[in-house]
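These notes concern the structure reproduced below.
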């Protein structure tokens with residue numbers, strides 16, 4: 001029995017969102033439609049921004065970077081989930097599991113820093129409009145975007161490097177619909193204390209640093225807007241910030257609900273529900289949040305359709 005327990009796991013089993021066979025096909029269709037709309041919305045927005053010269057401005061360059069991160073977040077989770085809805089075999093290899101965690105985590109980290117630089121962009125545009133063309137050149141924006149992705153990729157190299165040192169022999173069941181790192185810690189037969197400390201410190205630092213700086217930026221923006229004498233100027237300034245504020249609120253609000261707020265009902269069900277918001281629903285909503293009331297994006301789409 002002891003020998004059996006020490007057998008090393010080479011693949012995991014994802015329990016998924018439901019155990020009810022009758023729900024699997026309806027859920028497959030729902031999430032397939034969501035995924036297709038998500039990819040069409042995000043990749044279409046990227047293509048529109050790069051195609052239309054009128055959108056070659058810092059705000060839209062950042063938006064294209066955010067859309068790419070959202071597409072990556074959704075693609076790291078949804079295809080495997082869709083396959084598992086149709087298949088009785090919910091197995092995932094250790095290498096595939098770590099790869100899924102790497103791309104999901106790096107996309108999330110990248111999004112934190114992109115939301116930060118987007119807040120800084122709005123701060124400079126509203127608080128220092130005369131310096132904006134110099135302070136936020138396209139080349140500097142490209143550097144900000146590249147740095148955000150670099151930090152995201154580098155951050156997850158650390159966690160995956162620490163994951164590789166763990167061995168799994170207790171169980172191969174991951175009670176989640178994707179390879180969630182805390183679930184991996186639970187089934188590890190190697191002490192994961194170091195992993196947990198590193199994960200906690202990096203996560204708290206990155207999320208607190210980016211969130212607090214976004215808050216500070218928008219407090220300064222709010223005071224600058226309230227000082228404007230023209231009501232039209234105030235409305236225009238508010239409208240340019242509202243989409244980003246909504247996107248940041250959804251992103252950080254979901255993280256808060258997952259990791260801070262206790263909820264009623266089974267913990268796993270609560271975490272699965274909030275994780276769906278973060279991994280699937282937010283990437284679906286973001287391109288529409290930034291596009292539907294944006295006259296420049298709608299104008300670019302009309303120009304493209306006329307051609």
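Keep in mind that glycine also has a Cβ here, set from the backbone N, Cα and C atoms.
According to TrEMBL:
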{"type": "TRANSMEM", "residues": "27-50", "note": "transmembrane segment"}
{"type": "DOMAIN", "residues": "41-290", "note": "domain 'G-protein coupled receptors family 1 profile'"}
{"type": "TRANSMEM", "residues": "101-120", "note": "transmembrane segment"}
{"type": "TRANSMEM", "residues": "140-164", "note": "transmembrane segment"}
{"type": "TRANSMEM", "residues": "204-226", "note": "transmembrane segment"}
{"type": "TRANSMEM", "residues": "238-260", "note": "transmembrane segment"}
{"type": "TRANSMEM", "residues": "272-292", "note": "transmembrane segment"}
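Among residues of the same chain six or more beyond the transmembrane segment (272-292), those with a C-beta under 8 A of the stretch's C-beta atoms are 17, 31, 34-35, 37-38, 41-42, 44-45, 63, 66-67, 70-71, 73-74, 76-78, 104, 108, 176-178, 180, 243-244, 246-247, 250-251, 254-255, 257-258, 298. Tertiary proximity for the transmembrane segment (140-164) is limited to same-chain residues at least six positions away from its ends with a CB under 8 Å from its CB atoms, namely 58, 61-62, 65, 69, 98, 101-102, 105-110, 113-114, 117, 121, 181, 184, 194-195, 198-199, 202, 206.
Only residues 6 or more beyond the boundaries of the transmembrane segment (238-260), in the same chain, are considered here, and those with a CB under 8 A from a CB of the stretch are 59, 66, 111-112, 115, 118-119, 122, 125-126, 207, 211, 214, 218, 221, 225, 271, 274-275, 277-278, 282, 285-286, 289-290, 293-294. Listed as Cβ neighbours of the transmembrane segment (27-50) (distance under 8 Å, sequence separation of 6 or more from its ends, same chain) are residues 17-18, 56, 60-61, 63-64, 67-68, 70-71, 74-75, 78-79, 81-82, 85-86, 280-281, 283-284, 286-288, 290-291, 297, 300-301, 304. Only residues 6 or more beyond the boundaries of the transmembrane segment (204-226), in the same chain, are considered here, and those with a CB under 8 A from a CB of the stretch are 109, 112-113, 115-116, 119-120, 122-123, 126-127, 155, 234, 237-238, 241, 245, 248, 252, 255. On the 0 to 100 pLDDT scale, the model's mean across the domain 'G-protein coupled receptors family 1 profile' (41-290) is 88.
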